[in-house]
Amino acid sequence: MSGGILQRLSTLTLSVKHLRRPLHFSDLIPVSIPSPRPTIAASQVPNLFREPYILSGYRPVQQDWRCYLLSLFQRHNECLNVWTHLLAVPVLLLRWWANVGSLGYTLGAASLPLSIFLLSSLTYMFFSVTAHLLQSHSEHAHYFLFFLDYVGVAVYQYGCSLGHYFYSSEAAWRDSVVGMLFLPGAAFFGWLSCVGCCFAKYRYRRPYPWQRKIVQLIPTSLAYLLDISPVAHRMFTVSWMQEPSLPFHALQIISFLLSALFFSCPIPECFFPGRCDFVGQGHQIFHVFLVLCTIFQLEALFQDYARQRNTVVEVFGERQLWWACVCFPALFMCCILTAVVAMRHTQRQLRKKQKKE
Ligand SMILES: [Zn+2]
């Protein structure tokens with residue numbers, strides 16, 4: 001009898017202790033779903049996953065896929081890279097609806113480039129969120145998801161160039177050589193930037209040499225210089241007082257240049273190794289400026305679309321508008337094929353590495 005009372009008392013004490021413990025997110029997860037393991041130091045993950053100057057907060061590899069999905073609510077060093085783009089999606093959609101309400105939008109050939117721009121922005125955000133959230137699963141997952149991330153960047157570049165060409169360009173620029181070669185050039189350089197980034201990822205191993213950044217940055221910079229050329233021409237030839245979109249275009253360029261700076265250099269973590277493991281990494285700042293660039297682009301393109309809506313079909317012809325927009329899924333498929341080819345080469349390389357080990 002006394003043994004039974006003691007057992008009940010100990011059960012009661014345990015329950016009280018459990019109630020006193022602060023509630024963790026893992027307590028809310030049903031027992032059948034695995035909860036993410038605690039984060040670990042850089043020295044405990046394979047070399048591929050280590051970021052320069054980021055010393056802790058790594059998720060262990062080879063967990064259940066659901067653990068990486070649930071790591072959305074875990075504190076780790078990729079957390080803000082995911083949330084910056086995840087939160088950008090509702091912000092972008094809200095700005096879209098606000099502009100539809102204030103400036104008007106009708107579905108048709110004239111609005112196709114604007115719709116493609118939104119679709120391309122959502123595509124790069126989706127691939128980026130997926131890559132940063134799930135890449136820690138394995139080396140295969142890391143490579144494949146970042147190859148898809150580069151696909152997102154390429155189609156976003158093309159989406160921007162469609163908006164710039166059809167809504168923001170001046171007739172004098174369109175008559176120039178650059179203007180005449182712009183659309184095929186934008187598709188080609190978009191694809192080339194995907195090739196450059198995939199090649200750099202496949203070719204170079206951590207710690208990455210400076211050549212890797214060059215291989216990534218040359219095609220992406222060439223693509224950007226071409227994409228922004230109609231806007232740059234207009235900024236220098238048209239009065240800013242008459243054009244409400246030009247300040248937004250200036251802001252998108254500034255945001256892009258800052259994002260490129262933080263993408264290229266591990267600032268500020270190189271000055272504070274281990275202090276930016278959760279918040280403050282250059283890559284997070286790069287994401288924030290890229291999102292700002294996209295939002296300013298949306299504002300600028302909507303202003304330009306409102307101004308050109310009634311003349312855009314007349315100026316360019318419905319056929320050219322449709323062709324340019326049909327190239328978007330074609331470019332997407334070419335980039336996906338590039339990612340698949342890069343993945344095949346990488347798999348071969350990973351198999352060789354496994355045999356050596
Ligand atoms: Zn990223």
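Every residue gets a Cβ built from N, Cα and C, even glycine.
Small disclaimer: the values here were computed from a predicted structure and weren't measured.
If you look up TrEMBL, you'll see H132, H283, H287 marked as Zn(2+) binding site. With a 10 A radius on its CB, H283 (Zn(2+) binding site) counts 20 other CB atoms from all the protein chains.
The transmembrane segment annotation in TrEMBL covers 80-98 (among others).
Among the features that TrEMBL reports, transmembrane segment is placed at 110-134 (among others).
If you look up TrEMBL, you'll see 141-159 (among others) marked as transmembrane segment.
For the transmembrane segment (179-202), the list of distant contacts is 143, 146-147, 150-151, 153-155, 157-158, 161-162, 165, 169, 173, 212-213, 215-216, 218-220, 222-223, 226-227, 229-230, 324, 327, 330-331, 334-335, 338-339, 342, 345-346, 349: same-chain residues at least six beyond its ends, Cβ to Cβ under 8 Å. Here TrEMBL flags 179-202 (among others) as transmembrane segment.
Feature annotation from TrEMBL assigns transmembrane segment to 214-233 (among others). Through the fold, the transmembrane segment (214-233) approaches residues 153-154, 157, 160-161, 164-165, 168-170, 172-174, 178-179, 182, 185-186, 189-190, 192-193, 195-197, 199-200, 203-204, 249, 253, 256, 260, 264, 300 of its own chain, all at least 6 residues removed from its boundaries and within a Cβ separation under 8 Å.
Sequence annotations record features per position, and here TrEMBL assigns transmembrane segment to 253-272 (among others). Remote same-chain residues near the transmembrane segment (253-272) are listed as 51-54, 213, 217, 221, 224, 228, 231-232, 280-283, 285-287, 289-290, 292-293, 296 (criterion: CB distance under 8 Å, separation of at least six residues from the stretch ends).
Positions annotated as transmembrane segment by TrEMBL: 284-301 (among others). Counting same-chain residues at least six beyond the ends of the transmembrane segment (284-301), those with a Cβ under 8 angstroms from any Cβ of the stretch are 80-81, 84-85, 88, 91-92, 95-96, 99, 114, 117-118, 121, 128, 156, 160, 163-164, 167-168, 231, 245-246, 248-249, 251-252, 255-256, 258-259, 262-263, 267.
Outside the transmembrane segment (321-343), and at least 6 residues removed from its termini, the chain residues within Cβ reach (under 8 Å) are 109-110, 112-113, 116, 119-120, 123, 143-144, 147-148, 150-151, 154-155, 158-159, 162, 165-166, 183, 187, 190-191, 194-195, 198-199, 201-202, 312-313. The annotation transmembrane segment is assigned in TrEMBL to 321-343 (among others).
Same-chain neighbours of the Zn(2+) site beyond H132, H283, H287, judged by a C-beta within 8 angstroms of the site's C-beta center, are, in sequence order, E78, L80, N81, V82, T84, H85, S128, Q281, Q284, F286. Long-range Cβ neighbours of H132 (Zn(2+) binding site) (same chain, at least 6 residues apart, Cβ-Cβ under 8 Å): E78, N81, V82, H85. Panel annotation: around the transmembrane segment (80-98), residues 72, 118, 121-122, 125, 128-129, 132-133, 278-279, 281, 283-284, 287-288, 291, 294-295, 298-299 of the same chain, lying at least six beyond its termini, place a Cβ under 8 Å from a Cβ of the stretch.
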